[in-house]
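What follows is a short report on a single structure.
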Amino acid sequence: MVRRTGWGGSRRQRGRWGDLGPSSVPLLPMALPLPASPCRGTGGRRISVFSLSPAPRTRSCSSSVFPPASGSPCLVIQEAGASQTPHNVLPTPTTPSTQAHPTMIHTSASPSWGSHSTPPLASATPPPSCPRPQDHPGLRMGPLIPEQDYERLEDCDPEGSQDSPIHGEDHQPLLHVPEGLRGSWHHIQNLDSFFTKIYSYHQRNGFACILLEDVFQLGQFIFIVTFTTFLLRCVDYNVLFNNQPKNHTRRGPLHSKVTLSDAILPSAQCAEKIHDSPLLVFLLVLAAGFWLFQLLRSVCNLFSYWDIQVFYREALHIPPEELSSVPWAEVQSRLLELQRSGGLCVQPRPLTELDVHHRILRYTNYQVALANKGLLPARCPLPWGSSAAFLSRGLALNVDLLLFRGPFSLFRGGWELPEAYKRSDLRGVLANRWRRTVLLLAAVNLALSPLVLAWQVLHAFYSHVELLRREPGAFGARRWSRLARLQLRHFNELPHELRARLGRAYRPAAAFLRAAEPPAPLRALLARQLVFFSGALFAALLVLTIYDEDVLAVEHVLTTMTALGVTATVARSFIPEEQCQGRSSQLLLQAALAHMHYLPEEPGATGARASSYWQMAQLLQYRAVSLLEELLSPLLTPLFLLFWFRPRALEIIDFFHHFTVDVAGVGDICSFALMDVKRHGHPQWLSEGQTEASLSQRAEDGKTELSLMRFSLAHPQWQPPGHSSKFLGHLRGRVQQDAAAWGAPSTRSPPTPGVLSDCTSPLPEAFLANLLVNPRPPQRDLSPTAPCPAAATASLLASISRMVQDPSCVSPGGTGGQKLTQLPELVSAEMSLHAIYLHQLHQQQQQELWGEASASSPSRPWSSPSQPGSPDEEKPSWSSDGSSPASSPRQQWGTQRAQNLFPKGFQENTDTQKEPLTGPLH
């Protein structure tokens, strides 16, 4: 694991934003009291620590103490890297330095716990002539890239230093805080929480909407509890159902009618019935305690969001009334510009779009990587050989508590993974401890399951019964599952970007499911007959009620009409739609794939058509199935914790050990989130020759390559690192090469004439949909399985890339606002074509590999788990030294793995529990 030292400081300090995250540097000046003798420039001006010049660097693992120049109040401590050319975060003066040579004080290097570790911070002793005061608790600095020199500036103000020139002052720009930008954001101690709340404030539409949303949620909880108690203890159902005479009589012609007031018990009698039930009183006390906890948390969050509103208004110059018209990209751009101008002093410097995404999506990127490696979601084998994925809201909350935010989790809600998880000799001890934590959490879930189940039933009853009465067909509609939002998500993709992409993919994906559904003529025949008979009975009762409304007073007539309507609606959903018959399911799948970008493999599915259908069906599931999963979640969550996650404790510990890196200025993040093609690329996704990843280190389904492409298109100002930039250049070159091979525009027109050539398409998304669903037949012999060949896609991709680079080509004659609105749509269309292009190249490469394998060994089955077809299919190892036999669950998955998930019902697999304890836990 690559160990990168971040900006140091105390890691357990707390402030407004919680735990002290890495690289939190308070702005100077600030409202908090500063240590004595601060650094000052000429005229008593306070200067930023970033305006000071760096000291010379050394390659030895020692610390260098630089005596300051006359009047220089700063002490510099330096650490040298061992393997990379050092870079410095501070600006270098253009003229030679006049500082005295440093005095080297050698220290012994600390022991290394792995080949990728770096020594801890070197110690230094200040000169006797310049005593070093204690650092301010908020001042935290460090390197920007791994294994490089860094400098820490200490306050040391000798007498008369305020009027002395600072070294490099004549050559370096002074970064200072403008007088009008002084607020609570100048002393940020948890940048993860700060950036996350900035994003959440924008997505939740400002402080007023956040306040009302929290108030309504608290009020909804009170309503559900009080109304349910009222229905249980304060209503006389014998009077309401007219089974006994009412409590009092009323004069007049309507004296025999039962009113609601007749069935409601008096308040004293209602309170007495509540007191007579100790269980109900206990549940009400629990509900009151939970409500008070939610109220306290909401109040604390509202104070934080009020500060965020002030930050938006004063620092970003976005008033609340204009927030809805400002996209997130503009907010992020202003945030980065504010940091570059010195108004927000955080590290790394300069702040990039990727740094912001790393902090907002620190835990989410881990979850996406866990899903990519097969550890999420939980799966259960089905009797017919396939498997069912399960990831309810309750299970996702428990996973979050186990791994990230719980008191006994790996991260414990912070930005740093403890050092013990980065040591390979403690993996067995940590796995056993995590198993005990899972067992404890499963026991708590099992104990609370009756209460949670009752709450789920009540909430579903109050939320969906009206919809069932008014529109029963809504439960037959499909919606993206929680599994889809996890498996189809790119690394570093924000929630609103994912929602927009899946929203564009919904219609073609739903059409594909209707077109590719396996034929079931008998089921359709029975459904038609059921619709006819239930509809006939419903029509007869409806006519009778129209003729005489007293028919509704007959017992169970209204209930019968409701049941008949629901039955007809449900049965009609099993009848195939005529408009979907005859449409090519392959074209619809390609149109959906253009926006989904992924179609993860379904374990145990056989046949290409059946596999694609069941994959999509689990991603885009019925609303009724989703509701049923949430209702059963309190009962199934403890079982999956015990029999899915607990046996995989060692694999999960190994995952965090091998796929965690410490990025300077950011903290510990998932290594997949760096989108490093060299480390996590896949040779079958155009990374051949550019990646050094072993089989267990590769991201499946081209996740690294597609995530890198999406992020680079969405953030054109972002500069990718060397290997990633090389991959993007190679991809652009391959696109140009295939586009040239397809033919020049003068001799071969695009599949949709006039859309790309004259730039008259008002909506790029409409163009893309027309292209994918109605492609022009290719003019050369191509595989019938590729309706839009790679060369044709490359030609279109090259054309639309020119449109993105030339905004004047978008909607000629339109206003500037219209052009800016259409540019993101063009970028989305370009990314869709990139996804199709990469999938086509991947398919071609797989076909070539299959052809070579069948030619060399025609008698050997390619996908046999016991006989791998290529060296790459050998069983991978998660450990670089070969000490761990655990392999990637995604690679292990097969028929044998599926059969051993829950042998004999729900029995625990103890294979991973036999790992010996190799070292004590410190």
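Heads up, the Cβ atoms here are built off N, Cα and C, so glycines get one too.
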Do Leu265 and Ile546 share a side of the membrane, as Swiss-Prot has it?
-> yes
From 551-571, 656-676, which range did Swiss-Prot mark with transmembrane segment?
-> 551-571
Select from 1-22, 683-704, 705-726 the stretch of residues annotated by Swiss-Prot as region 'Disordered'.
-> 1-22
Long-range CB partners for the intramembrane segment (625-645) (under 8 A, at least six residues beyond its ends), listed in sequence order, are 378-380, 390, 392-395, 398-399, 402, 438-439, 441-443, 445-446, 448-450, 452-453, 456-457, 460, 464, 475, 479, 481, 652, 901-902, 906-909
Under the DSSP assignment, what numbers of helix, strand and coil residues are found in the topological domain 'Lumenal' (545-550)?
-> 5 helix, 0 strand, 1 coil
Per the Cβ filter (under 8 Å) with a sequence gap of at least 6 from its ends, the topological domain 'Lumenal' (545-550) is approached by 557, 561
Checked against DSSP, the composition of the topological domain 'Cytoplasmic' (459-523) is 48 helix, 3 strand, 14 coil
